[in-house]
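In what follows, a single structure is set out as C-alpha cells and then discussed.
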C-alpha cells in the first residue's frame, strides 16, 4: 500500500475500532471512499449485531466503540479525497462475481465471525470449532429461463458438471431414484487454494480468502496432537504405493517427504502471476497470490480440522487428448476424521468434486415446500463398489518400519476388511440404503484404465482393496477352494496394480508416455481379472461355492424385503464370523453393519437393488447468508439487464449501423443453422452446458471485448463437442467467449457440402477454434496479417480507414480488426452507448 492508503486505513481503524483486515475489506469494497465505507460499517453493525458476534472482539489494541455509537465518531471522519490505484480496481473486479462477491462487507463480517471462533493451532483443542453448516443454492426454478441460465453460468462450474456426469461419477443416483436431489459444483477460484475455497463455499458460501482453513490445516500438520498418528497413516499408504513401484525410501527421505507435505500446506504464496497470468476471477493482476496445490493427504487432514467426513467425487483416470486413460486420479473417495472420536464429529459429510486439477463444492438447491427430494451422497460407485476409504490404516506406535512391512502376519493384522470399513462408515456418518425400482439402472461409468476396476483406488492401499474383494468373494463357510482362487486373483491384481503405479508415477509426462506405457506393458495392462464380486474364471470348487453363497444371499435379500431385517442381517454371517477377513479382531459388529455387509455383497455381485448413501443435513440459513444471496440476486439482475441492453446495442451496430444485410459468413452452415444467434435468449443456456474444462487456472481476459466476452471464469474453452471426439476428450485451453465482436458471424468450421473447410477460407483473425490454445497467453493480434488476396473470401477488401494497409471484412464494415475496435470504442463514448459497468 502507498503511504496515503496506510494513513487512511489507520484513521479508519482508529475511528471505528475495527480489525485491520475488516477495515481494509470495507475500504476496498468502496474504492477507498472513507465516508462510504464508514456508512457501510455502521449499517452492518446495526443490522447484524444480534446475529454475529463482533468480529473485532480480540486482537485489536484500539478501544471498542458502542454498537450504536456512530454519531460519536461522526466528527472524526477524515475528509480525504477518494484514493484509487490499479490494485484497488483489480480487487474490486475480483470481488464482483458470485454470491460471496455481491457484498464484500457482509462477507467480511462473516469471515471475521468464523475466524474469531478459532483457537491457537498449537493448543490441545482443534484450531477451529466448526458449527454444522451446509450451504444451499437458492431455488433457481422460480426464475425465467434466460435469467436462470445467466445465474447458472455465473455460479455453477458447468464444465466440471458436464465432465463428471458424462463420466458416470456425479448424479448417477438421480437417474436411479427420482427422490434424490441433484448436486451442483460451485464456481471456485483456481489459485492453488481451491481445496480450502471449495470447503469454505460448501459450508458458508464464501471463499477462504482470509486463509482461515489453510492456516488451521497447516497448524494441525505442524504441531497438532494428532500429528504423529496422521504421519503414520500417510507413511503406511505411501509405503504400499512404493512397494508396487519398487521404491524404497531411507529415513532421511521419509523426513524430507513429510516436511514437503507440511510446506505445501503453508499459507505463504508460492509466486505472483504477471499480467498475463491466471488469477482468481479472471483478472490480470501482478499482485494476485498463488498457493501450492494440495494433495489427497491434505484432504484427509482437512477432515480432522472440520471434524466431519469428506466425500470427493472424481473420475478415476486421467485421460489424454484422445480420451485414452494413462494415469490414475487418486482423490476420489471417502476421508474420515479417524483420529477424532466419532462422537465429537459432525455426521453430515462435506461433499467436494474434483476434475482437471481443481476442487469445487457440491451443493444442493433449495426446494419448494411440496418437494420431497432428499440430499444424499452415495458411498459406492454406480457398480455398487465401495468408494476408497483413504488413510484408514494406522499401523500403531509399535510398528517397526522396514521390518514389519515385510512380515505377512503383521501385515494381515492391520489390513481392513469390508466389515471394518462398513463399521467405520456407520460410526462416522448417518448412512442408509435407498431401495431402487425394478426398472432403474445406473448409467455406466467411463471406461477405466485397462487395469483397474471402477472403484479401486489405484494409489490406495493394495491390501485394503484386496481385502474388500476377499470379503465378497469368500464363502462364509471358509471354503478352501475359494481361498485358493483368491490367492491367484491377488497375484493378478498385484501385476495390474504395478502397472497402475508406474503409470501414476510417470503419467504426467503426457499422452506419448501413456501410449508407450500401454504398448510396452500390454500383457499386464489387458489381463483383466475377475470382477470384484469374485465371479469369473476359477476352479469348479469355487464356482460351486459361489453358487451356494449366491442362493443364500438371494434368500437374505428376500427376507429383508419382507421386513425380517434382524434375522436376514445375521443370517449368512452368524454361522461363522469371516475369519479370512483379517483386521476385525474377532469382534462382532452391530446389526446395521452386518445388514449392510450382506446387502453390499449381493450388490457387488450384480444383483443390487439398493444404493448405499450418506445423508446430507441441510440446516437453516444464517441471516448473513440470506442477505448475501439477496444482494447477489439483485446484483445479478442488474448485470443481466445490462447484458441484454448491450446485446441490443451490438445488434443495432452490426445490423443497423454497419451491415446492410445478413452477414454472408453465416450462410454456409452445414447443419441447417441449428446454432442460435448471439442475441438469442437461448444462448446463455447453450453456453451453460459446454464440455471439457480448462483446469485449475483462470483464462486471461482478451482485450477489447464487450459484455459477450465476460463469460464465467472457468467456462469451457473449446465449446461443445464436434465431430467424432469423445465427450471426455481434453480440448485445448481457449477463451470461452468471443475475443472480437465479429466472431458471432464466423462460419462453422466443419467441412461444408462442397467439401471445402469453411474455416480455411477465413483470415487468421477470424479463425476461433485454432487461433490460440494456451490459457496463459493473450489471443494473437490479427493486425499484422497480410495474406495473399487469393485466399480471401470474395467480399474482403482493404481496410477503408485511410493509411491502413490491412484488410477489412463486411462484418466489420470493411475495417480491419484494430480499426474496428477503435470505432467501437468511439461509439461507446457517445451518449447512450456506454457498456456494462460490471466486469467479471
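Cβ coordinates come from backbone N, Cα and C, glycine included.
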* Asked: Can you tell which of 123, 464, 488 Swiss-Prot marks as phosphoserine?
  -> 464
* **phosphoserine according to Swiss-Prot, picked from 467, 482, 574, 579** => 467
* Asked: Which stretch, out of 757-792, 793-828, is listed as zinc finger by Swiss-Prot?
  -> 793-828
* Residue from 179, 188, 730 to which Swiss-Prot assigns phosphothreonine -> 730
* Structure fact -> In Swiss-Prot, the entry for phosphoserine among 116, 124, 471, 581 points to 471
* Asked: To which residue among 100, 245, 275 does Swiss-Prot attach the annotation phosphoserine?
  -> 100
* With Swiss-Prot as the source, which of 131-137, 138-144, 145-151, 187-193 is set down as region 'Regulatory loop'? -> 187-193
* Asked: How many other Cβ atoms sit within 10 Å of the Cβ of residue 194 (active site, nucleophile)?
  -> 26
* Structure fact -> Mean per-residue pLDDT in the motif 'Nuclear localization signal' (483-498) works out to 55
